[in-house]
Amino acid sequence: MLIALGLSLFLTFSYKIVEIFIRIFRSKSLVRFSLYFWAVGTMILVPFSKGNYIFSSPDNIIKVMPVFLILIIANCVLARFSGYNPIGKFNIINFVITYPVIEEFIFRGLILSYLNQYLSSEVLIQVMYMPVTLSVVITALLFAITHLQYYSLSRQSIRYMIFAFMGGIFFGAITDLTHSILLSCLLHIEFNLLAVYFAKKT
């Protein structure tokens, strides 16, 4: 179990690890694209991760669809208060598409499925009739902490972490129920897209 948690922590801070490694080359152009090196590194790990949820077709679609639709509506409200405001087309595209996809690959696709193999599947609580296990909670917590890779600790970054933890619980529960990251990816992209929309609108 310690190995599982250790690997999960490594994946949580893998973006910063990649960024530090790239800075060794002292190339600003490479640092600008560190996100994509991170994505490639993540994809290399996928074949070595048994039972991951990355390329699985979702199960229990009918059962989870009411929650999915409710969360789509909830995103429309919560994204207004997220505080996210990426600047420039390059950063906006990454924020809306690249980050959500990579983060879902790592946290719900790899870490959650990996922890499920080592931690108890006992249901801690139910959220909208979806079971929330210890693996889901730990993954949500790591997902919140990972945002410190992008932002220094401040009142604003704490807000980001709270949103990330809340989202991580729902994204994880949906992924556990469907055995796929498809719906969590769509919800994550929607939230980030709406956050940008509201930020630019005000």
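The backbone N, Cα and C atoms fix where each Cβ goes, glycine too.
Residues 11, 14-15, 18-19, 22-23, 55, 94, 98-99, 101-102, 105-106, 109-110, 113-114 of the same chain lie 6+ residues outside the transmembrane segment (30-49) yet bring a C-beta within less than 8 angstroms of a C-beta in it. As annotated by TrEMBL, transmembrane segment applies to 30-49 (among others).
Taken from TrEMBL, the feature transmembrane segment applies to 61-81 (among others).
The domain 'CAAX prenyl protease 2/Lysostaphin resistance protein A-like' annotation in TrEMBL covers 91-193.
Summarising the annotation, TrEMBL assigns transmembrane segment to 123-145 (among others). Remote same-chain residues near the transmembrane segment (123-145) are listed as 5, 8-9, 12, 64, 66-67, 70, 103, 107-108, 111-112, 115-116, 161-162, 164-174, 176-177 (criterion: CB distance under 8 Å, separation of at least six residues from the stretch ends).
Among the features that TrEMBL reports, transmembrane segment is placed at 157-175 (among others).
Residues 53-54, 56-58, 64, 68, 71-72, 75-76, 78-80, 82, 84-86, 92, 95-97, 99-101, 103-105, 108-109, 167, 170-172, 174-175 of the same chain lie 6+ residues outside the transmembrane segment (181-199) yet bring a C-beta within less than 8 angstroms of a C-beta in it. What TrEMBL lists as transmembrane segment is 181-199 (among others).
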Checklist outcome for this item: If one takes Cβ-Cβ under 8 Å and requires six or more residues beyond its ends, the residues near the transmembrane segment (61-81) are 128-130, 163, 170, 174, 177-178, 183, 187, 190-192, 194-195, 197-198
Checklist entry - Per DSSP, how many helix, strand and coil residues does the domain 'CAAX prenyl protease 2/Lysostaphin resistance protein A-like' (91-193) have? => result 78 helix, 9 strand, 16 coil
Checklist entry - If you average the pLDDT over the domain 'CAAX prenyl protease 2/Lysostaphin resistance protein A-like' (91-193), what number do you get? => result 94
